[in-house]
Amino acid sequence: MYNTNTPTSYFFPPEAATMTTEQSVVSALTYNGTPTAAGGFDGEYLMRYMVLNEPEKKILSLICVLTGPVTFLENILVLVVIGTTDNLRKRPTYLFIGSLAAADVLASSFFPIIFLDFHLFKRSDSPEIYLFKLGGVTMAFTGSVGSLLLTSMDRYLCIYQAPRYKSLMTCRRALFGIVALWITTVVISFLPIFGWRCWSASLCSLLFPYVAPLYIGCWVGLMLIVLFLIVGAYALILWKAHQHEAAMEAPTAGRSTMGRHARMRVDIHLAQTLGLILMILVLCWVPSLSIMLIDVSRKLTINEQRAFAFCGTLCLVNSAVNPLLYALRCRKLRRALVNLLRRVCGVCCRGKPVCVCLQNKDGDVKKYAETVSESLDKQNPG
């Protein structure tokens, strides 16, 4: 049984013993002289996250204002091209690229607006509204990285299970994978608003208000696993390309020197493409994830908080680069884009200006493979 003689001062300030019930509650919520909300967050709580100085605000505002609209338009264009082209909608590869573009559209819509609203205009929302906004940003970036994983797994199956690829990766299975990805992404992203959050300022992350460090640690761990799988898939594809290159170098009767040089160009292009993909992925994501891991392990300094604001914009840059790496470098998607532009603008293309240039680019693609699957398909001798 509880001791009914426990002094009132154990739970409330000493003055509360002579106060009414209402006065005692008010005193408890203003203990130590700082007004606090019922959740234990004082009026200055959000200010500890608004650490950017004026020059930093200007630089980050410029990055967001330039990168956000460009990213949005790029990815909307990819979605429109895939959505209006029948043969692209029926191929799993382009469904995964469409999922990636949709995630990056969300990222370019949510991140710049919420980031600038918080750091530049110093908006102080309630915990529920802030966590809802943060959930939107988390959903966009998680969906983007998850779609990159689906794309890399699709390319891996295309190379290592080439004879069975069409039976293994059907449109129905691709759609099921995309739906499963987004359901999982939504659930993970909005866990804080459903209760997995901190309830005391001293227990919260110094990167995200109202967010528990354990949640950040779990999310970072998940992202690192996904990134590791992506890097592993592309590393195996590169290894497969290296094996093909070694086979091509072996002397074989009837093999022309021109054919060997053509395959060597394909190998070099493939290595450059995959190297660029992995380099951009690592450069854009590792800095942010590293600082988030530090936040889980110890208290961050103000300089580390400022650095994270800049690192966060790199994730938006990754969303801007994704359409260039995964979509617009693809010959079939570029052709579909040209056809769409012809239909929309009514350009006949018989008189040479822009169209000849586009046709020449497509002609060059016939000599140099543009995508991972096209590169390795050309490497297969049979």
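Quick reminder: no glycine exception, Cβ is built from N, Cα and C everywhere.
According to TrEMBL, the domain 'G-protein coupled receptors family 1 profile' annotation covers 74-326. Here TrEMBL flags 59-82, 94-118, 130-153, 174-194, 214-239, 270-294, 306-328 as transmembrane segment.
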Residues of the parent chain within Cβ reach of the transmembrane segment (306-328), under 8 Å, 6 or more residues beyond its termini: 51-52, 56, 59-60, 63-64, 67-68, 70-71, 74-75, 77-78, 81, 97, 100-101, 103-104, 107-108, 111-112, 115, 119, 140-141, 144, 148, 151, 207, 273, 276-277, 280-281, 283-285, 287-288, 291-292, 300, 334, 337
Same-chain residues at least 6 beyond the ends of the transmembrane segment (174-194) whose Cβ lies under 8 Å from its Cβ atoms: 92, 95-96, 99, 128, 131-132, 134-136, 138-139, 142-143, 146-147, 150, 154, 210-212, 215, 219, 222
Contacting positions for the transmembrane segment (130-153) when only residues 6+ beyond its ends and CB under 8 Å are counted: 93, 96-97, 99-100, 102-104, 106-107, 109-111, 114, 174, 177-178, 181-182, 184-186, 188-190, 192-193, 197, 208-211, 219, 223, 226-227, 229-230, 233-234, 281, 285, 315, 318-319, 322, 326
Contact ranking winner - 59-82, 94-118, 214-239 against the transmembrane segment (270-294), Cβ under 8 Å: 214-239
